[in-house]
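J.: One structure, as structure tokens, below. Some questions next.
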Amino acid sequence: MNIAIIYGGKSSEHEVSLQSASSIIRTIDKKHKLHLIGISKNGAWYLHGDEERERIIKNEKAVLKIKKDEAKRVTVIPGGGAKKGLKAGDEFLPTDAVFAVLHGRFGEDGTIQGLFEMADLPYVGGDVMSTSISMDKEKTKMIWDYSGLPIVPYIAIKRQDWDDPEKKKAILARAEKDLEYPLFIKPCRAGSSVGAGMVKNRNELLEQAEESFLWDNKILVEACIEAREVECSVTGNTKTVAYIPGEIIPTHKFYDYEAKYTDPNGAELKIPADLNETQRKTIRETAIKAYEALDLSGLSRVDFFIDKRTGKIYLNEVNTIPGFTAISMFPKMCGASGLPYNELIMHLIELAIDRFKTDRKLKTCRQS
């Protein structure tokens with residue numbers, strides 16, 4: 001099989017993507033041909049040769065690098081002809097499936113998914129609509145709330161409203177009245193907790209809101225509950241499977257970017273999570289409902305809060321391309337349920353091809 005692995009990207013999670021893709025490359029059987037395509041931080045795509053794959057395989061601590069070789073610039077060819085998909089320089093890259101290991105913006109927001117649709121290529125993960133909605137935390141919460149699923153109280157703020165003095169005054173009054181301090185503020189369309197923070201008073205709220213607005217033009221203000229953080233891996237197209245939940249116990253104030261990726265002691269990961277049977281069942285069932293409410297396919301990691309005081313379970317958010325690093329929860333939870341890393345990766349690729357075949361049966365135009 002010819003598999004394109006795409007990594008890097010124009011995202012705050014560029015470095016995380018390099019780590020995730022490195023782990024995936026190590027686990028794919030060498031009988032499969034890999035096209036390693038690195039996207040620079042300014043958005044240029046470059047093909048990397050087999051020597052990069054060998055370097056990653058031989059050293060478990062090695063991380064992918066992106067070499068800017070203009071002779072290896074990758075272009076995407078729209079479908080409709082005999083040769084479609086991906087091309088590096090003058091070299092056509094036969095591709096059976098694409099695994100875009102891109103976290104955050106331009107990876108989980110429907111943009112690259114639309115590109116693959118136009119190129120007529122099977123790709124891992126949700127489609128354009130489901131990923132774009134799931135990237136927007138406000139829209140995700142609206143759909144979950146409409147579906148009767150439990151969410152933490154919140155308000156969403158747009159940049160233009162925040163910049164209007166009268167609207168800003170009303171927003172602050174509403175946040176303090178309806179939600180009360182402490183509050184948690186984060187960009188609506190960013191990942192890995194970048195631009196996010198907890199605030200205990202108005203001055204901190206004003207400061208944190210400006211930080212969050214650096215990452216998106218819409219931010220979320222949530223009630224901050226003292227909670228356990230539990231996650232659940234989900235895979236599937238028409239048949240959805242939720243795996244054994246895991247728990248994150250941060251040593252930081254909250255599970256921020258440093259705790260996730262740069263501080264080896266940033267959090268304790270417990271798989272399985274210390275839950276009773278009722279809680280475990282509720283989380284797995286709710287994860288499936290949350291996934292299906294968003295019309296997701298392929299894979300996602302669904303994140304939960306469990307209120308330490310009341311025991312109530314809330315949905316937090318969903319990640320349509322979760323981390324695949326050596327310490328990432330998604331593959332570990334699948335592994336704890338009996339699906340080892342190498343089989344998981346091939347399962348996701350098979351799901352991508354299956355969905356592609358199903359979608360190709362649909363009519364796209366009237367026959368003349």
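Backbone N, Cα and C define each Cβ position, glycine as well.
Copied straight from Swiss-Prot:
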- 176-231: ATP binding site (BINDING)
- Asp303, Glu317: Mg(2+) 1 binding site (BINDING)
- Glu317, Asn319: Mg(2+) 2 binding site (BINDING)
- 141-350: domain 'ATP-grasp' (DOMAIN)
J.: Summarise the model confidence on the domain 'ATP-grasp' (141-350) as a single mean pLDDT, whole number.
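T.: Across the domain 'ATP-grasp' (141-350), the average pLDDT comes out at 93.
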J.: Determine the most Cβ-crowded residue among the binding-site residues Ala190, Glu211, using a 10 Å radius around each Cβ and all protein chains in the structure.
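T.: Selected residue: Ala190.
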J.: Measuring Cα to Cα, how many angstrom lie between Glu317 (Mg(2+) 1 binding site) and Ala190 (ATP binding site)?
T.: 11
J.: Using Cα coordinates, what distance in whole Å links Glu204 (ATP binding site) and Asn319 (Mg(2+) 2 binding site)?
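T.: About 28 Å separate the Cα atoms of these two residues.
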J.: Counting only residues 6+ away in sequence within the same chain, which have a CB under 8 Å from the CB of Asp303 (Mg(2+) 1 binding site)?
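T.: In sequence order, the residues whose Cβ lies under 8 Å from that of Asp303 (Mg(2+) 1 binding site) (at least 6 apart) are Glu229, Val230, Glu231, Leu315, Asn316, Glu317, Val318, Asn319.
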J.: Starting from the Cβ of Asn319 (Mg(2+) 2 binding site), draw a 10 Å sphere and report how many other Cβ atoms land inside it.
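T.: The answer is 21 other Cβ atoms.
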J.: What residue among the binding-site residues Glu176, Glu204, Glu317 has the most other CB atoms lying within 10 A of its CB?
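T.: Selected residue: Glu317.
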